[in-house]
Each structure stands twice: as C-alpha cells, then as structure tokens.
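Q: Below is a structure I'd like to ask you about.
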Amino acid sequence: MLQLCPLDEDTLYTHVYERYVELDRHAETLAQDLGIHASDAETLVVDIAPAQPTKSSDTYSLTVSQSLASLRSSTVNNNSTTGYVLWSGTPFFLCWLLYAPSAAPLRDGGRVPVTDSAAQFLQLPPLFSAPARPVCVVELGSGAAGVAAIVLANYVDRYLVSDQKAILKPLRANLLANISEVSRRTVCSKQTPELSSNRRTPARCELELIALDWERIATVPAALRPTDAAHVHVLALDVVYNDFLIPPLLTAIKRLLRWYADEHAVKATAYVLVHLRAQDILQTFLEHAIIDLRLRCYYMDEERLRSSRFALYYVTL
C-alpha cells in the first residue's frame with residue numbers, strides 16, 4: 001500500500017537515517033554501481049513491461065543510443081555530461097508507475113493515507129489524462145535517451161521534455177527512433193513536426209523539446225505554458241546526484257510551480273526520484289527543499305519503492 005510521509009525540518013533527518021538503514025537491509029539484492037542502465041553499450045534496448053505481461057498489458061520496447069565517451073569527457077558540454085547516458089531510475093520509475101497496483105493513485109488520482117499528520121488522507125491529482133482532465137507533464141533534465149517522454153506520451157495530452165541545449169540533438173534522434181512506441185495517441189509537435197504521427201485515435205499528445213538549463217533560468221520559457229491543462233506535473237528523474245546542482249534544481253521546481261499557479265491559475269505539483277548514493281546528498285536535497293525553500297515534501301512509502309535504491313518525493317508549494 002502507498003503512504004505519504006510528510007517531512008519537516010525535524011523529521012527529515014530521521015527519514016534519511018531510516019531510509020539508508022532500509023537500503024543497507026536490501027544491499028545484497030541491489031546493484032552496487034553508479035546507476036548507469038547499461039555501462040558497456042552505446043546502443044541498448046529498453047523494455048518497459050510488467051514482470052508477468054499479459055495480452056492486455058501495455059508494453060514498450062525502445063532502442064536507445066547513448067554516448068559513454070561523452071559521459072567520460074571533461075570537455076563536452078562544459079563538463080555537464082550525465083545526460084548523455086540512460087540512468088536506471090527512469091526505467092524503474094516507469095515500470096512502477098505503469099504496473100504497480102499501489103501506484104494507481106498516481107496514475108488515476110486518488111486518496112492516499114498520510115502518516116503522522118492531522119490530515120488522514122491526501123488527494124493526489126491524476127498523472128494520466130482523461131477526457132475531462134487534460135494533463136501536462138514537464139520533465140526536467142530528461143537526458144538524451146528520452147525514455148520517459150516516449151512512454152508517458154501515451155498517457156498525457158501534453159509532454160514537454162527539457163534539458164540543456166547540447167542534449168537536445170541526441171534526445172531528438174532518440175525520440176524520432178522510438179516515436180512508433182507512442183501507440184495510444186496521435187503525436188503532434190509544433191517545434192519538431194517530424195515527431196508528429198497519424199494514429200487512428202482521437203486521443204492526442206503534444207510532444208515538444210525545450211532547451212531549459214535549470215541552472216540558468218532567466219525567464220520561464222513561454223513554451224512551458226500549460227495551454228488548457230487542468231494540472232501540470234513537473235517530473236525530475238535521477239537528477240539529484242551533486243550538491244552543487246541541488247539549489248538550482250529545487251529553485252527551478254519552486255519557480256515553475258509558482259509560475260503555473262500565479263501566471264496561469266493552474267495547480268502544479270512535482271515528483272522527484274532520487275537515486276540513493278551518498279547519504280549527505282539526500283539530506284542536502286531535503287534540507288534545501290524543506291528548510292530553505294519552504295516546499296511541502298512528502299516521501300512516498302511503498303514496499304517496492306522501499307526495497308529499491310530509489311526514493312520518490314511528492315513536492316508542492
């Protein structure tokens with residue numbers, strides 16, 4: 001069962017300690033590496049499927065190109081190179097989101113129990129669109145693989161995939177190579193029309209690539225507007241790995257949430273998936289979010305998440 005654990009300036013430290021105790025408990029069953037999905041291949045097949053697929057299961061198979069040479073370079077993209085490879089957090093999150101019964105409140109919206117709070121439940125807004133509830137997803141720091149964009153474009157009306165300008169060329173190539181995997185919706189793209197498809201379905205997804213370096217946001221790009229979305233979800237998967245990047249990432253998230261609320265009268269929330277590496281990185285992330293920026297941060301507690309090397313947080317204003 002999924003539970004939300006609200007964190008504050010006191011409980012965050014207990015949470016970090018307990019989460020790493022849990023991580024140690026599962027150490028023998030978890031990969032002891034940096035988290036690159038495939039560290040020995042430039043081209044890889046990424047399958048998003050349940051553990052036991054059936055004929056009715058939605059499954060996806062993507063062929064992704066990555067650059068291990070760029071990852072290891074000290075000169076490429078001003079030494080900002082992690083986006084050139086696929087990290088394991090994205091496939092893990094997608095498989096959990098799509099197939100775990102406990103993730104249904106994220107997919108479709110629903111009440112989730114809240115621990116240690118006067119409020120017994122919190123209503124999560126649906127991450128997946130429905131005819132009466134158009135949804136927009138803004139992915140920050142997507143990386144060149146574009147796996148989340150292709151898979152989630154099947155379920156939302158608008159998907160805005162963003163990263164640094166240098167990442168957009170390989171990202172565009174991977175999206176084009178896998179656009180056929182968006183099978184549940186017709187894709188339309190104003191800025192990259194070659195991504196557009198013609199499916200026999202009235203459901204549509206606007207898929208746009210946007211250059212956005214969250215270390216240097218002078219103004220929020222107009223391309224991030226919500227159009228007619230009832231809700232905007234900001235998605236950040238496995239981008240918390242360096243203490244230097246934590247303040248600009250969280251500042252960008254807060255700025256976007258506030259921009260949607262104040263400039264567009266649209267509620268926005270965020271999901272941040274953290275790969276658990278150094279304990280002090282997670283603590284710094286939570287301290288900056290909760291203490292410095294006064295964001296509301298909930299740890300998403302669920303059996304499969306708990307037994308993984310990842311921690312998922314729900315963040316609101």
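Glycine too: its Cβ is placed from the backbone N, Cα and C atoms.
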Q: Check Swiss-Prot: it lists W87, G141, S142, G143, W214, L237 as binding S-adenosyl-L-methionine. Then name which of D108, D116, D163 it lists for that same site.
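A: Site partner of W87, G141, S142, G143, W214, L237 for S-adenosyl-L-methionine, according to Swiss-Prot: D163.
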Q: Of all the Cα pairs drawn from W87, G141, S142, G143, D163, W214, L237, the residues the record ties to S-adenosyl-L-methionine, which distance is largest, in Å?
A: 19
Q: Among G141, G143, the binding-site residues in question, whose Cβ has the most other Cβ atoms within 10 Å in this structure?
A: G143
